[in-house]
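Visitor: I have a structure I would like to understand better, so I am pasting it below and will then ask my questions one at a time.
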Amino acid sequence: MSFNGGFVQIAVKRIYDWARTEQWRYKLGFFAMGSSCSNHLGIPPPKGPNHVGCTDFMMDHTAQGSFFRLYYPCQETEKAEKPDWVPNMEYFYGLADFMKINRTWSEKIFEYLFGSYKIPAYMDAPFKSSEKCPVVIFSHGLGAFRTLYSAICVELASQGFIVASVEHRDESASATFYFNEKTEPGPTQESRPMSPSASDRDGLLREWMYYRALKHGESEFPLRNRQVKQRADECILALDKLTQMNSGVAVQNVLQTPFDYTTLENSMDLCRTAVMGHSFGGATVIESLCKEVKFKCGVALDAWMVPLDDEIFPRVKQPIFFINSEKFQWAGNISRMKKLDCTVIDRKMITIRGTVHQSFPDFTFLTGNWIGKLMKLKGEIDPELAIDLSNKATLAFLQRHLHLEKDFNQWDPLIDGHDENLIPGTNVILLQSSM
């Protein structure tokens, strides 16, 4: 999720100022739902044949470790609960900092609007699959975190994939955390102990890391270029950790969840691995493909190409699928995608009509039409239709390039933009000077 251009920040600020009035609670609920109380809001359930479980992994308690939400096919269970969409209040604080609004009031607004939503997956449910699972590593956008793309991740898991949604520690997430030993001084201002069962026993303190905004007069490219390189390294590290678990190597999950990771031994088909991401995560896809040939292909959702060095483009040898929104892209950004065009490697691009940049993260499903369109979280198209098109096109592309024996090829026409809601290529007019 990246709120490029500042419009959303302005819109949220207006809502924030208005919400401080006495009637905010009643009216905010009305506008969040839209013009009709019959509107259904919530993250859409997955459509695949598998039940979906999820768990959190943190290997190495430091900021240099690997941290991701894992989605996987699971056993049907009545005991497991569905997790909160936003797992800690500190993520609301981070979103407030990212949007440059007051934490106290934004906490109330965010909690009221989004605090009750659940991810349509079962927390720590037992893993179950009748075959080895292909693997997808997912990279979030600027200002997001590991749980904000659950509609995409649960759908892939329901179709038989194991998906690791990385939470980046490059200061591009709105918030994330790691641990310091109690004797270590913390680099940030906010530390707090976890529950005794998880941290005091191990002598660890939870340390929060928040989004780092550009400093006054600071050039954006050097920061973002450094971040995209770290992000790619974190995607590769997540794949390495999954490889260890698949090989039966003992790993330590600092979070000490009840999930039995040993059930993942020999569960993954690591010859069939892809990387996927949105916005800044789309740039991370390109950087990851350049750095790691184990990724057989990549899917970039509305990629923000600014952080990338031009010199890496000819070094990327894997197939890439660009799935863009209609309202976000511009000529300079598309021209950088076009630099990856190749006559001998499959490079595809489609645009989903009526979509905006925020049509890919979960926020688009959780706000009614009025507030959703004001904040540019919704486009003109039904958000569930848009994500369904994106997911089906993604599955077809993954089947083609991971050589899966599935029926996802029924959606092959979507890869070429053959649908009334798709545009083959781009809707952006490219001038010769932008090429």
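Here the Cβ of each residue, glycine as well, is placed from N, Cα and C on the backbone.
Heads up, TrEMBL stuff is auto-annotated, nobody curated it.
Remember, it's a predicted structure, so these values are computed and weren't measured experimentally.
Below, the features straight out of TrEMBL:
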{"type": "REGION", "residues": "181-200", "note": "region 'Disordered'"}
{"type": "COMPBIAS", "residues": "186-198", "note": "compositional bias 'Polar residues'"}
{"type": "ACT_SITE", "residues": "Ser279", "note": "active site, nucleophile"}
{"type": "ACT_SITE", "residues": "Asp302", "note": "active site, charge relay system"}
{"type": "ACT_SITE", "residues": "His357", "note": "active site, charge relay system"}
Visitor: Around the Cβ of Asp302 (active site, charge relay system), how many other Cβ atoms lie within 10 Å? Please give the count over every shown protein chain.
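Guide: Excluding its own Cβ, Asp302 (active site, charge relay system) sees 29 Cβ atoms within 10 Å.
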Visitor: In whole Å, note down how far the CA of the residue listed as 'active site, nucleophile' lies from the CA of Asp302 (active site, charge relay system).
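Guide: Cα to Cα, Asp302 (active site, charge relay system) and the residue listed as 'active site, nucleophile' are separated by 5 Å.
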Visitor: Please report the Cα separation of His357 (active site, charge relay system) and Ser279 (active site, nucleophile) in Å, rounded to an integer.
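Guide: Just about 8 Å between their Cα atoms.
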